[in-house]
Amino acid sequence: MSYVDEVIEQVVAQNPAEPEFHQAVKEVLESLRAVVEANEEVFRRDALLERLVNPERQFKFRVPWVDDKGQVHVNTGYRVQFNSAIGPYKGGLRLHPSVNLGIIKFLGFEQIFKNSLTGLPIGGGKGGSDFDPKGKSDREIMAFCQSFMTELCKYIGADTDVPAGDIGTGAREIGYMFGQYKRIRGLYEGVLTGKGLSYGGSLARTEATGYGLLYFTDEMLKCNGKSIKGATIAVSGAGNVAIYAIQKAQQLGAKVVTASDSTGWIYDKDGIDVELLKEVKEVKRARLTEYAAARPSAEYHEGRGVWSIPVDIALPCATQNELHLEDAKQLVANGCYAVAEGANMPTTLEATEYLQKNGILFAPGKASNAGGVATSALEMSQNSERLSWTFEEVDGKLQNIMVNIFHNLDDAAKRYGMEGNYVAGANIAGFEKVVDAMTAQGIV
Ligand code: GLU
């Protein structure tokens with residue numbers, strides 16, 4: 001049996017009931033086959049793939065907190081420190097009821113390659129909790145965040161592990177967590193990114209994932225003789241990634257006609273009004289029904305359905321496995337020519353394969369959504385030198401990073417005879433740097 005297949009089998013056997021982790025490992029290892037075969041003897045001897053798929057360390061802890069009525073709740077907190085070959089562990093904290101160890105491991109594993117692709121010195125990690133922020137008061141959110149950080153603060157630090165936001169963790173949560181870290185550890189340091197501007201945050205970090213997605217997509221389209229200008233786009237999600245993806249797409253001359261949340265989706269034939277969307281989602285923390293109620297050109301639909309709208313480009317920006325095979329078929333049938341992932345692993349393996357087989361330009365999240373974590377690394381640099389850069393400076397660096405990521409993975413795919421396969425290109429380019437660093441550092 002090939003080394004890749006052996007390790008995939010081991011991962012499935014040794015990590016039962018973690019389907020998302022299996023999926024992420026399969027996607028990466030399958031596309032590394034050629035690289036692994038070319039180095040099989042050394043990789044096997046060094047158990048390189050086994051070391052890659054086993055986190056360096058993982059924490060699971062109790063998070064008790066008291067709600068506004070005095071009732072105590074207990075959630076589970078996680079931090080997986082996956083790989084520190086190229087820098088301190090870096091990756092977000094997801095707060096969502098679906099969170100379990102397998103989800104955090106899939107995200108942490110993806111993060112290794114994503115962070116490597118940015119070209120910046122950051123290792124891979126991820127954390128979070130099954131806490132559901134929906135419907136909680138500010139005080140309850142603070143109670144949870146403080147309890148979560150009371151435990152997490154033992155394992156993180158500006159030079160060891162630097163968490164950030166993800167689904168359910170935004171500026172408010174990062175603020176509460178930062179305050180608690182400082183209070184317990186007595187350190188005013190860049191231990192978290194995505195901070196507010198008044199206490200060490202970076203300009204353009206809020207916009208970075210969505211903007212970066214569009215900078216990447218723009219470069220991918222240009223290099224394939226196409227353009228964002230004038231395109232019609234479907235976006236899923238209505239969180240931080242989706243909002244700024246929509247904004248940048250519009251600035252680049254596209255029309256974005258959809259958005260979605262956990263209960264339904266909107267089709268706005270005149271193009272999404274980003275200011276209204278921000279008001280509904282960021283300020284009021286309300287449902288998309290409120291957007292539709294305030295906007296005559298918009299229709300609200302319950303359930304899922306954004307991929308049924310005929311568009312040129314699809315940008316899944318909600319969550320994992322939200323774009324299924326049937327959606328992929330529908331997009332292709334409707335003439336869509338590009339899919340770029342804003343979320344982490346939003347496209348199922350079958351859907352990805354179908355899109356690629358049908359000649360759709362497909363950008364994997366670990367490349368196309370890397371702008372968020374890249375800008376987090378820029379926030380770390382600013383914190384270390386105790387300076388803040390201007391919006392233009394950060395945004396300019398972000399643009400360069402995204403353009404470079406595209407060319408690195410495009411080159412990597414070509415080198416291995418898989419031109420246009422950006423999934424393989426991203427995995428290979430991300431892997432090469434990590435392997436080089438792991439090999440140089442010996443068996444650790
Ligand atoms: N959660 C984001 C991601 O998936 C950002 C992580 C970070 O900024 O550290 O990459």
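Every residue, even glycine, has its Cβ placed from backbone N, Cα and C.
TrEMBL does not curate its annotations; it predicts them automatically.
With a 10 A radius on its CB, LYS126 (active site, proton donor) counts 32 other CB atoms from all the protein chains. Residues or ranges marked as active site, proton donor in TrEMBL: LYS126.
Sequence-distant contacts of SER376 (substrate binding site), defined by Cβ-Cβ distance under 8 angstroms and a gap of at least six in the same chain, are LYS90, ILE122, VAL162, ALA164, THR193, GLY194, SER202, ARG205, ALA208. TrEMBL lists LYS90, GLN111, LYS114, GLY165, SER376 with the feature substrate binding site.
Positions annotated as NAD(+) binding site by TrEMBL: THR209, ASN240. The secondary structure of THR209 (NAD(+) binding site), as reduced to three states from DSSP, is helical.
DSSP classifies ASP166 (site 'Important for catalysis') as strand under the three-state reduction. Residues or ranges marked as site 'Important for catalysis' in TrEMBL: ASP166.
Other residues of the same chain near the substrate site, with their Cβ within 8 Å of the Cβ centroid of LYS90, GLN111, LYS114, GLY165, SER376, are GLY91, GLY92, ASN115, ILE122, LYS126, ALA164, THR193, GLY372, VAL373. Each of the binding-site residues GLN111, THR209, ASN240 was ranked by the number of other C-beta atoms within 10 Å, and first place falls to THR209. Ligand 1 lies under 6 Å from the Cβ of the following recorded positions, listed in sequence order from LYS90, LYS126, ASP166, ASN240, SER376: LYS90, ASP166, SER376.
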